[in-house]
Each structure stands twice: as structure tokens, then as C-alpha cells.
There are 2 protein chains.
Amino acid sequence: MSIEPIEQTAAVPEASADPPRVLASALAVHIGRTVRVSGWLHRRRILKSVVFAVVRDRSGLAQVVVREPELRARIEALTEETVVEFTGEATANADAPGGVEITGPALRLLGEPAEPAPFDLYRPELRATLPTTLDNAQVALRHPRKRAPFEIAAAAVAGFREALSKREFTEVNSPKLVGTATESGASVFTVDYFGGKAYLAQSPQFYKQTLVGVFERVFEVGPVFRAEPHDTVRHLAEYVSLDAELGFIEGYADVQAVLEAAVGGMLSAVEERAGAALATLGLSLPVMPAKVPELHFTEALAMITEATGEETEGLDDLAPAHERWVGEWAKREHGSDFAYIIGYPMSKRPFYAHPDTARPAYSASFDLLFRGTELVTGGQRLHKYSDYLAALAARGESPEAYEGYLAAFKHGMPPHGGFAIGLERFVAQLTGAANIREVTLFPRDLHRLTP
Amino acid sequence: MSIEPIEQTAAVPEASADPPRVLASALAVHIGRTVRVSGWLHRRRILKSVVFAVVRDRSGLAQVVVREPELRARIEALTEETVVEFTGEATANADAPGGVEITGPALRLLGEPAEPAPFDLYRPELRATLPTTLDNAQVALRHPRKRAPFEIAAAAVAGFREALSKREFTEVNSPKLVGTATESGASVFTVDYFGGKAYLAQSPQFYKQTLVGVFERVFEVGPVFRAEPHDTVRHLAEYVSLDAELGFIEGYADVQAVLEAAVGGMLSAVEERAGAALATLGLSLPVMPAKVPELHFTEALAMITEATGEETEGLDDLAPAHERWVGEWAKREHGSDFAYIIGYPMSKRPFYAHPDTARPAYSASFDLLFRGTELVTGGQRLHKYSDYLAALAARGESPEAYEGYLAAFKHGMPPHGGFAIGLERFVAQLTGAANIREVTLFPRDLHRLTP
């Protein structure tokens, strides 16, 4: 192979013009030199003797000082959000943002808006309701505080992949168009597929298990689809699922070890690569201790009853208030923002869940709570063909509908397990977003399919 | 934040049992020690005094030597593809694969097949037609030669992301459920969306352009959907698209520079991380020179006419044979497996393509051919709102259908461009696959929606 190294004059090669473009955040190292700054006209401050033009690029804000009357007039006539390029001298000024400003500028217009933006993007907070913000996402996302969650999301996903790649997981792409609506029939989208019917995959569950038989350890980052009829702050019709599955485990604890490595990798990557976004939002990262506190489902209920007096006997699931209680317990007793609840009743888990062999009414599976809200579901799965047949029969389901999935188990599968992390939920909890739509670029729900 | 480092005794932490699991490829460094090997019973060689059991794991094959009569009888009774674990001594033997074998083994059964596999997975080549292979993908993919293309794909995608992340591109996730079927009406899938209609995105084109207004530089790896009615070896109803888009360009050459970095990163990553898969398939990597040869559309036609005598005057597109000719020319004249064709007629490009300002009938866009087949389409896009209105009007299309998309341009966008690489096409060309379905885990087409 013969690949020449890519020539890079700076860390980030910018477009080919001369002098090279400098990002706002890097201006200070160019003091005394002629530089080119490009971005959106974020704000103008028009004073008697001077106009300050603030240019926003992907790295931050740059101040341009305009004194020359003809240029001043041109800038006064512009609209905010005009895409501009200023070439001038990077000049030290302790009073300017970042201690540097552009003086003696020449202006080139790169893109003019057809109409003013629906919001003042220069304000510290975007003053608009969530529906208005979402209706105008194309522009609202340009606001630094609106953009920041997605920089956090991108870093988190990169950290997820790195943690798993380092552990020899193979990244896979499973189909989103599937032939049967099996995993949870009620909430599946139907597709007109060449005159027949297909369905949108609700998760890569069946495929990632099948692929344990091929690669042993797999992960996937991709969209999943739920025809979710509930209009809540936590549900979307389409979201990004971070899935992993691994074979040759001894039990669910081996899955937890990988999950903790993955979540740890996500948090480290957010800290390292999205530091500016964290600062913009004034966030600090959660605490994940070396040993994440863990309660068995029955233990959690007993503790809740003891602490609150609430009758929990016979419950087969936890209510959101119970999860919050466990989250508070983990923080109070263990200083942890994360907590496991293990051993949910088998009746509340999908048919492929593996039972706890010592207490078969309970599953060898877990939820990971993040600040008292479910972030991850995972656990060990059944791996024997006969166990699948029995589990389906016990639920009154026919194996025919699962034929493609069961074929993997028919031909020898190792003990395995895995987990799925909802990306938007992770970012929502991390940023304290009240509504998951705030951390979704273009959310899809019962009422929203645009923009 | 307080994340304890993950303890790793080896490069790859395996399950919690003792002695720790050793992969087949790592056995040689454990000679003289008791080791545990887990995997699928790939093959048995039953001789008079000894049985050789070959175990396949994700790293390769391990030979286990069985002399003890009771264990010998157990192994003789097993089916290939049984999931097994052998604990024994790693013993040097120059005649064994990798110079090492397991002696004095104890056996634990981890997963027993319900029936024999439909193929002999131990043969060097899987003896089955493509339809049979695809019908039984759950098992066929276990064959090392069938699995290898997906190890190459995973490495390539990782290289793509790294090349772009290094250049400060932000990874995004655009919605796959969209409200309008605009990009190419004929081949879109329709979804029943809460009683209304939605469509499956044919590409992230509109969203990645919109997001240039937010992040300046974005990339996305995700599924795209084409209701492709043609039954060819090159078309799928669902495939993985590697998309990138960047703002503040001077022209399409800035897009080419990023594309070459991305493809270069993909090839480097394949070489570094999928070396075993390349060796399994006996492949060498293609040559991408520092300067990829480039022909203008009109120039390519003129050269083809001169070389072959074929009349090409008035053609507005290249036939596959023309692309092959250009591929051969690039190899012969420049030693390159890649070649650009730039300046396709505007009439053959989508409405958002930017014209070549010097020759407005031709576009400021390109195709990148890989071994004479189109791998990538890219170029500069329109960025002015008025240009979009004019381009749509010229095609007799109404701007209303594009409202969400056009909103970005209404509010100021920089000159920008981007490209899309079809992952499966890349892997097919790299591996010489005759049919794109060979390099798709679970292909979807006119006739296939399972497994």
C-alpha cells in the first residue's frame, strides 16, 4: 500500500485560501499576524467611534474591531447570522474576549440570510418554548447552549466505541428493516416493503445475539424505532441505542464489568473531548465508583418498605419513585451516581432473559440506574435452543415467528449476555435536561416528524 | 470524577473463571502453563490412538489432543459447532497449528447444537450457493472467510471516524424517519406513522447540510434506505452510508482533500486492524497515490472516443464500461486504484449540486471511482437560499416540500460540500466480491427480508 501522509500545517486543516483560516479559540497564538476568521455574524455592538462585530465559529467567538467608515456602514447594514469572513491583524487586547481581537479588517460575505433568525442567538439563553425551539431546530441548534449536548453525545459515543474496541468487540451493522414484528408487537412501525410488509427494528437484540456466534463480542451504535404511543418527556419514536453483547461469560457480572468499562469510557471521553461543552452548560461529571452499588430487586423493595413504610409486597416491578429512592440511597450511602438493581422478576423480562439458577423466578439481569433513572438494561440471555423453545411455549408464543433468530441457538451458542444504553437518556441525565427532546437533534414522536 | 482504571491482566479481559481464558492466537506465549480454551468444536480428527479436537474462537484455531478413552468417547459423540471449553496444558509441538497444542485436557460443554450445521464449516471454502449461504447467514457467517469481510468493514469504519474526528468533525445522528419523500420520490419506503405517513430517509443529505450551520463539520455513519426495484449485484434496499459535510470551503477540492484523508484512514485502519482478515482472504490493499488522478467528465468522454472509437458526443452520463475504462486508465497511467471524474453535467446531479461557475452546465462535484466502479459521490452544494429557490423552480419543484431543509439556508450558510461512501460497496471492491450481498451481514432487497 502506498498512502502518502496527509499534510497538515495545523492540527486542523482548513480550506485552501490564504492566509489560512484561524479558529476563534486559536487566535491568541497568532497575535501580530494577519489572520482570516470565518463564521456567523453573532452580534454587533454599534458605538459612536467603533463597531464591534462578533463572529461565531465552531470553536467560540472572535471580536472584530471596525473603525473605517465604509466598512462600518456595510456591517451596520447586515443581519445577524450572515456568514462572514474577516481578514485582519490578530491584536492583543486584555479587554477583548480571549485577550485578542481582529483589527484593520477586510470583509468578505460568504452567505447572506434571506430573513432574520427567529431568535436572538447572541443571548446567553435562547428565549423560546421547547416546541418553538424544535420547530426551528435548524437555527436554534446554533446557539452554544443548544449545541453543547450534541458535542457531549458525540464524545460519549466515541468513548463507548473505544472502550469496546479495546476489548476486541467487533462493530456490526444489523438491519433496521425486519421481517417479523416479534420483540414487542404493540409498538412496532410497519413499512410498505415492495408491496409486502416489513417492520422497523425495535432493537438489534436478535441480531447482536446471533452475531455472538460469529464474532463472540459485538457492539452496534444505531437507530432503533418504537411506535411509542405515550407522549412523555422520556420517550421518542426513534433514538440511538448503544448495544453490546458478548459470549463466554460466567454470569451477568461479566456483562456488568464490560458495561462499567463502556460507561467509564463514555464519561472519560466527555471530560477529555467535550470539556468546552461541559463548561458552557456549567456541568460536572457524575461519580462512578470502582464498585457500583447493587441491590437485588427484592432487597430494594424491602429497604423501601422499611424506609418509607410503603407496602411493596407482591410488586413485580419498580415504579419511577422506587428507582429515585434507590438512586438517592446509592448517592447517600456510596457516593455513587450509579446503582444496579439486579434480579427483576422473570415475568417482567423478555423471554430471552436467563433466570437466576438459584432463584428461577428472578432473572440473571440488571438495570443500571443513573441518578435514579433507568439508563441501561442488560443481563445474561438464554443460550440453549431447548430453553428458548420452553420459554416461548411458557408465554404461549409459537417458535415459527422466531425462526431466523432461533437458528443461531440451534447450531451451538455460548453463554452470553449484553446491554443497551439509550444515548439520548444518557445525555439527558448528564445535562439535567427536563425533556429528552432537548438532547435530540430532530426528535420524532407522536406529534412530531419535522423538521 | 472518580473512575478507577479497569484492571486488565491481559490485553483483553475475558470472563471471570480461573484459569483465565486464552485465545487460540495467544496460546504460544502460555507454553508450559495450564490454560482454558473456549470456542466452537470446529473439526475432529479421529485416529486410532488419538483424537484431535480443533476449537475455533474469534482469534483462530486451537488443537486439543485427546488420548484418555473416556474423554475420547465423549468427543466422538459430539456434533461439530458444539460450544466447548478445554482446560489443559499448552504444549509446544512444531507440527501443531501455531506450534502449540493443548494436552491432558478436561472438557466442559457450554452449548450443544440441536442439529448439525447446514454446511461443513471446517472446509477452506464454504460449499454453498449464495442464496443458501444468505438463508443460513446465522451459521454461514461463522466461516472464517465469510466473517473476514465484516472485520474489514469494522476496521474501515473506525478509520473513517478517526480521520474525521482528528479534523474536528462532529459525529451526528440524523433521523431516519422523515416527513417528506423528496430526495428521489420513486424509491422511498413508506411507513405507517401513528396513522399518518412517514418515509425512510434515503440519505442524511438534508440534515448533514443543515448541521454544517451548527457544527461546521459533521459526519454520520448510519443506515440509509432505498426502495430499489432493481435486482442487481450492486443494489441493496438498506445499506450503511458514511457521510461527511464541511463548511467554509473554497471549492470542491477542499472536499476532495477530506475525502482522501477519510479513505486513506479507512485503508490504513484495515491494514492495521484487520490484517488477519486480509490474510484469510489473500488480499492486498489498493494504491491511493498522494495525488489521485482526475478527469473532467468531458475529458473522460473525449479520451474514451479517441481510445475506443466509441461515439460519446452528447452523452450526459457515463456507462459502467466508461467508468471501467477510466479505472484502467488511472491504473495504467498513474498506478492508482482510485480516480476522480469531476464536472458531471448539472442535469445529472441533484438540485443541491453547485455549478462550476466557469462552465455552469457542469457541476462542481465529483465521483470517486475505486477500481473502475463508483464508490463515492461528492461535491460542493448550493448555499444561498435564492439559489435553492431558483434550482427548484428550474426543475418544476415547489419549495414547500423542502421547507424544513430550506430553513437552514434562509438563515445564513457558508459555502460547503461533502460526500457519501457506501460501506458495502467499499468492502465489495476491496475484497473483490462479485455480489454486494456477500459483504452484507443480513442483506435486504426486493426478494429478501430475512433472516
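Each residue's number is its place along the chain shown, starting with 1.
For all residues, glycine too, the Cβ spot is worked out from N, Cα and C.
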**Message:** Among A:Glu171, A:Glu294, A:Glu374, which residue shares the ATP site with A:Arg226, A:Ala227, A:Glu228, A:Arg234, A:His235, A:Leu236, A:Gly422, A:Leu423, A:Glu424, A:Arg425 according to TrEMBL?
**Reply:** A:Glu374
**Prompt:** TrEMBL tags one of A:65-68, A:205-208, A:269-272, A:441-444 as region 'Aspartate' - which one?
**Reply:** A:205-208
**Request:** Select the closest residue to A:Glu374 (ATP binding site) from the following recorded positions, measuring between CA atoms: A:Pro97, A:Arg226, A:Arg381.
**Result:** A:Arg226
**Prompt:** Per-residue pLDDT averaged over the region 'Aspartate' (A:205-208) comes to what?
**Reply:** 98
**Prompt:** Going by C-alpha distance, which of the binding-site residues A:Arg226, A:Glu228, A:His235, A:Arg381 is nearest to A:Pro97 (site 'Important for tRNA non-discrimination')?
**Reply:** A:His235
**Asked** What is the maximum Cα to Cα distance, in Å and rounded to a whole number, among the residues A:Arg226, A:Ala227, A:Glu228, A:Arg234, A:His235, A:Leu236, A:Glu374, A:Gly422, A:Leu423, A:Glu424, A:Arg425 annotated as binding ATP?
**Response** 20
**Request:** Measuring CA to CA, name the entry from the binding-site residues A:Glu228, A:His235, A:Arg425 that ends up nearest A:Thr377 (L-aspartate binding site).
**Result:** A:Arg425
**Request:** Go through A:His235, A:Arg381, the listed binding-site residues, and name the one with the sparsest Cβ surroundings, counting other Cβ atoms within 10 Å.
**Result:** A:His235
**Prompt:** By a simple count of other Cβ atoms within 10 Å, which of A:Pro97, A:Arg226, A:Thr377, A:Leu423, A:Arg425, the recorded positions in the record, is least packed?
**Reply:** A:Pro97
**Asked** Do any residues at least six apart in sequence from A:Glu228 (ATP binding site), in the same chain, have a Cβ closer than 8 Å to its Cβ, and if so which, in order?
**Response** A:Ser187, A:His235, A:Leu236, A:Ala237, A:Asp445, A:Leu446
**Complete:** CA pair A:Arg226 (L-aspartate binding site) / A:Leu423 (ATP binding site), Å rounded to integer, equals 15
